[in-house]
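**Student:** If you look up TrEMBL, you'll see SER367 marked as active site, nucleophile. Sequence annotations record features per position, and here TrEMBL assigns Zn(2+) binding site to HIS176, HIS316, TYR547. For 54-122, 150-211, 240-523, 532-576, the entry in TrEMBL reads domain 'Neutral/alkaline non-lysosomal ceramidase N-terminal'. Under the heading domain 'Neutral/alkaline non-lysosomal ceramidase C-terminal', TrEMBL lists 579-746. What TrEMBL lists as transmembrane segment is 12-37.
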Amino acid sequence: MPGKRSKCSFSRLEVILIACLVLMISLTVALLVLHFLTKKTSDCTNNIAEEAKYLVGAGRADCTGPVAQVPLMGYANPEQVGGGLLSRLYSRAFIVAEPEGSKRVVFVSADIGMVSQRVRLELRPCGCARHQEKSEEEDGWLGFLGAPPRPQVLKQLRSKYGELYRQDNVILSGTHTHSGPGGYFQYTLFWITSKGLVQPALSSIVNGIVKVGVTQLSVLVPSAALAVVFGVAPPCGTACFESIDIAHENMKKGRLFINRGTVENSQINRSPFSYLANPESERNRYSSNTDKEMVLLKMVDENGHELGLISWFAVHPVSMNNSNHLVNSDNVGYASYLFEQEKNKGMLPGEGSFVAAFASSNLGDVSPNTRGPFCANTGESCDNPQSSCPVGGAAMCMAKGPGKDMFESTRIIGQNIYLKAKELYEKASQEVTGPLSTAHQWVNMSNVSVELNATHMVKTCKPALGHSFAAGTIDGVGAFNFTQGSVEGDPFWDQIRDQLLGEPSNETKACHKPKPILFSTGEEFDSHGTPGMNVVIAGLCNVYTHYITTYEEYQVQRYEAASTIYGPHTLSAYIQLYRGLAKAIALNATQELSPGPEPPLFNVTNVTLLPSLSTENAPAKKSFGDVLEEVRQEYREREVAKVTFVGANPRNSAENMTEHNFLTVERYSNISSSWRVVLNDASWDTRFYWSKGSRGQSNVTLEWHIPAGAEPGVYRLRYFGHYKKRVTFLRVITVPFEGSSSAFHITAP
């Protein structure tokens with residue numbers, strides 16, 4: 001009705017009061033939210049500052065070396081020489097330091113067969129050299145937990161960084177790929193299959209390591225949370241320093257996390273009959289005859305930004321077999337490639353700040369060829385104690401799988417390892433804390449007294465290799481008529497040994513029983529810890545000493561036992577020595593450790609049996625880089641784009657220490673009207689083949705195995721090389737050149 005106020009209406013004063021009340025409530029809520037957000041941010045900042053336990057850094061450097069004519073290191077097959085490139089080799093360095101104080105540790109994982117003493121001694125100043133006719137394998141020297149006496153790399157590090165990087169805190173480990181260049185050893189045995197000393201291979205490793213690191217066997221203990229035992233093997237060189245240098249420049253406040261898990265369908269024991277010789281009570285402690293556990297160390301900065309990881313998992317990088325001629329990092333290298341490509345989005349392989357190392361562990365008798373051994377001539381299984389076939393003997397018994405060929409097998413195993421590492425990395429929550437500590441000691445392994453119990457003392461032996469060593473393994477068979485499991489010598493080969501090298505002494509024979517000695521390398525020339533501690537075995541560090549088996553496995557004398565060069569009590573000796581080092585760390589008494597007797601430097605010359613590099617020629621009416629066989633005009637995904645050029649020996653690039661790509665895959669951009677590099681020769685989808693012709697001529701073939709999901713568009717393949725040209729009678733120069741395929745289309749599926 002007119003003049004009567006509605007029930008739902010408010011007076012002007014009431015509206016004003018309600019508006020004021022709403023405004024006051026809103027302001028109060030906003031202030032409270034702002035207060036708690038500020039407090040939370042402040043608390044988070046304080047927590048991050050508290051949680052940044054260390055200074056951490058990671059770096060990566062190329063240490064590929066020559067990819068042609070150089071014997072590949074691992075299978076000891078003289079016919080397996082480099083003929084191209086499947087993937088580049090890298091040295092990856094990680095530095096962990098206490099925020100205050102001088103304690104820090106460098107760990108380097110390099111894509112090489114193992115770290116040789118020659119590489120290590122190459123880094124030592126000339127004034128430290130002792131020119132004696134012995135090698136560390138031949139006289140039993142072994143470095144424990146640390147580095148060599150004043151190597152040149154450490155001298156360079158000292159000149160740049162003072163006392164930050166010393167003999168006792170730089171550790172080198174080889175991934176044990178069997179597809180990297182050889183020729184960086186100083187021992188007689190390795191010289192035979194590597195054709196002497198290959199200086200470019202040695203220099204590439206040294207130059208790569210010097211960007212990353214150097215050392216001996218080491219125990220690294222960041223508090224009770226992590227103990228890393230670095231086992232016997234050799235280091236790299238300047239690439240290590242380069243990686244170390246990069247890692248040092250990248251250091252920042254950060255945190256470490258550790259995680260572990262089981263990797264399935266990626267390994268088998270290649271000597272199961274040896275494993276069965278171990279006491280049943282011991283075997284019952286384990287669920288498998290191989291160690292399936294992966295241990296992963298994750299690095300992040302104080303803000304949680306990802307820096308890198310180190311993964312340790314026991315598997316031989318021998319998915320690429322001894323018929324392969326392409327330099328590559330095998331299954332563990334492929335795992336690194338996948339992880340780094342995922343984290344370094346938009347970057348070419350080998351580029352980006354995130355570094356993922358898949359380092360070697362206790363991989364001695366562990367094969368990635370999961371289908372097991374079969375006779376190559378009949379297809380039947382040869383899974384027997386001698387790994388021998390009815391027709392053809394041991395030479396026909398080879399392991400396969402899991403893929404249809406070695407390239408697919410490499411990808412399958414590498415992918416399995418990568419996926420488990422990714423899972424562990426994402427879930428890593430157990431933080432590593434506490435002080436850092438390392439221990440180092442030199443030991444003459446040919447004469448170690450071992451206390452087995454209160455009443456029994458034994459000794460290690462002068463180094464020697466048995467007959468089964470020459471038989472090889474199911475991953476890479478040996479030559480002649482040698483078989484695994486030999487506990488008796490062969491009169492024919494023993495006589496040849498005696499004529500060439502001299503008969504082993506009765507003392508050495510008795511010490512090594514039941515091993516029948518084939519090469520007496522030692523006579524060729526005159527548990528302490530803290531509750532909750534995690535122990536990681538990092539293998540193939542600093543000095544390569546072949547294998548270590550249990551006493552029981554030694555009695556079976558398959559390949560691994562025949563290659564246990566210090567005799568049946570080698571494992572007991574190592575355990576005893578590591579207990580001493582662990583005790584010194586636990587009691588903070590590393591300064592009281594005896595440094596031990598320093599090993600001699602084996603004075604070898606640059607003798608090599610590699611063919612010399614000479615001037616090269618292009619075919620008539622052709623130039624270096626010209627196309628001989630062109631690509632097709634069109635391809636689809638999963639097909640192979642292929643082009644062949646007038647080429648030159650790729651050793652020319654390595655000999656001149658030229659860092660470059662041999663190939664690139666480029667895509668044309670319509671927007672910028674230019675070509676953009678989308679892949680390089682570090683990619684696992686590309687292959688570089690070199691073949692030598694006559695009259696100083698050679699060809700190079702590039703392949704791009706186009707993956708599923710490749711972006712449709714216009715592409716081309718480019719080749720980069722160097723050739724030798726004579727300009728005067730006495731002067732030869734190295735000339736760079738390049739070539740390109742025609743443009744081709746990748747069409748949508």
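For all residues, glycine too, the Cβ spot is worked out from N, Cα and C.
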**Student:** If the Zn(2+) site is taken as the center of the Cβ atoms of HIS176, HIS316, TYR547, which further residues of that chain fall within 8 Å of it by their Cβ?
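**Tutor:** In sequence order, the nearby non-listed residues are VAL318, SER360, LEU363, GLY364, VAL366, GLY539, LEU540.
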**Student:** Among 54-122, 150-211, 579-746, which stretch has the highest count of C-beta pairs below 8 Å with the domain 'Neutral/alkaline non-lysosomal ceramidase N-terminal' (240-523)?
**Tutor:** 54-122
**Student:** Applying a 10 Å Cβ distance cut-off over all chains shown, what neighbour count does HIS316 (Zn(2+) binding site) have?
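**Tutor:** Within a 10 Å radius of the Cβ of HIS316 (Zn(2+) binding site) lie 26 other Cβ atoms.
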**Student:** What is the nearest of the binding-site residues HIS176, HIS316, TYR547 to SER367 (active site, nucleophile), using the Cα of each?
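**Tutor:** For SER367 (active site, nucleophile), the closest Cα among HIS176, HIS316, TYR547 is found at HIS316.
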**Student:** Summarise the domain 'Neutral/alkaline non-lysosomal ceramidase N-terminal' (150-211) by DSSP state, stating how many residues are helix, strand and coil.
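**Tutor:** Helix/strand/coil tally for the domain 'Neutral/alkaline non-lysosomal ceramidase N-terminal' (150-211): 28 helix, 10 strand, 24 coil.
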